[in-house]
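Structure provided below as structure tokens; questions to follow.
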Amino acid sequence: FGCCLPCPQPYYLYPSGYMEKGFEATQVVRALSAFAALAVMLSFLVLPGRRSHPSSLILFASISIFLYSATVFFSIGNPKKIQCVNDVTPSTQDNNGLCAVQGALLIFTSHATAFWTAIIILNLHMHTVWNSNFMANKYLWLHLFGWGIPTILTVAALVENSVAYQFAGLCLIKQEAANAIFFYPLAVIVVPSCIMHSATFFHIAKASRSDSGESSGLSEFTTTRKIKVLQAVKIQWRALLLAVVLVVTVFTYWIFYFIELRNITDGPKNRDFLTNWLNCVQSNGGQNGCSKIARGYMPPYPLIMITEFLASLIGIWLLAIFSNSVLWKGWG
């Protein structure tokens, strides 16, 4: 199939210009996200009182988000230098060193962002539900978890020669290795994080109802516990909101590529598709006309853009949530 289309081949299965313009827009957004995450990262790194627990968890999450968003600078303005070795050959880590470095960084930061999100969620759960600062003196283990495991998974991808261009504007991981090295490890983090964060919000909702007048018969101890929960929410609502945004983003990104990556790589190889598509091309149907045949074999274009924009906005969300007068006064 690759012999019939220029690289990047998936672009030619959609109407002319759709993929180029769509991914150009997501790259601009991702670049803005990188600068936004950098602003938060530097604020938490430099300003006083931001490097102690639990604020330091936001610092490490912002580092991973910044590095994740910064992968766009490998390709912005000229994505083909990442996607393709020449006019017809897609990039792999063996034939394109830039693809290898960028893909490795994207694998590492995707995992690191998910892992630090999970750490934030666990800390919020422990503090809000159990009134515990269990994680305050466990930073050695947190770093081993938040940076060490992503490093191991990234090295595994490189050792298995699994970094390659498959879709979108960046190199990531080959479909045949994606489950073991990318999707399953993310699932182990994302799914429990969703459940735990839901449990935390359920606990907050119960405390809120009790606080609004339904708890006249509660003991003094229980009432005090409810007050502490609501105080914790008032103090850490930004971290709670960030965790929601990160979970939705990571889960959407994970579920889309987990389901669709096989379609992206295997769909165009389908015999019925090849026959119909080649007949269309040979009858001068044109890219726009023949793209209709690919609809049943490739992900819907709007779904691709929604997923990519969600992933690209993560740094902007980070700045929007933590940008306040106190933060900016600290720089003044």
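From the backbone N, Cα and C atoms, a Cβ is placed for every residue, glycine too.
Heads up, TrEMBL stuff is auto-annotated, nobody curated it.
A quick note: this is a predicted structure, and the numbers were derived from the prediction, not measured.
Found this in TrEMBL, in case it helps:
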type: DOMAIN; residues: 22-326; note: domain 'G-protein coupled receptors family 2 profile 2'
type: TRANSMEM; residues: 28-49; note: transmembrane segment
type: TRANSMEM; residues: 55-76; note: transmembrane segment
type: TRANSMEM; residues: 97-119; note: transmembrane segment
type: TRANSMEM; residues: 139-159; note: transmembrane segment
type: TRANSMEM; residues: 180-205; note: transmembrane segment
type: TRANSMEM; residues: 239-259; note: transmembrane segment
type: TRANSMEM; residues: 301-322; note: transmembrane segment
Where among 55-76, 97-119, 139-159, 180-205, 239-259 do we find the most Cβ pairs under 8 Å to the transmembrane segment (301-322)?
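Against the transmembrane segment (301-322), the leading stretch is 239-259.
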What average pLDDT does the predicted model assign to the domain 'G-protein coupled receptors family 2 profile 2' (22-326)?
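Reported value for the domain 'G-protein coupled receptors family 2 profile 2' (22-326) is a mean pLDDT of 87.
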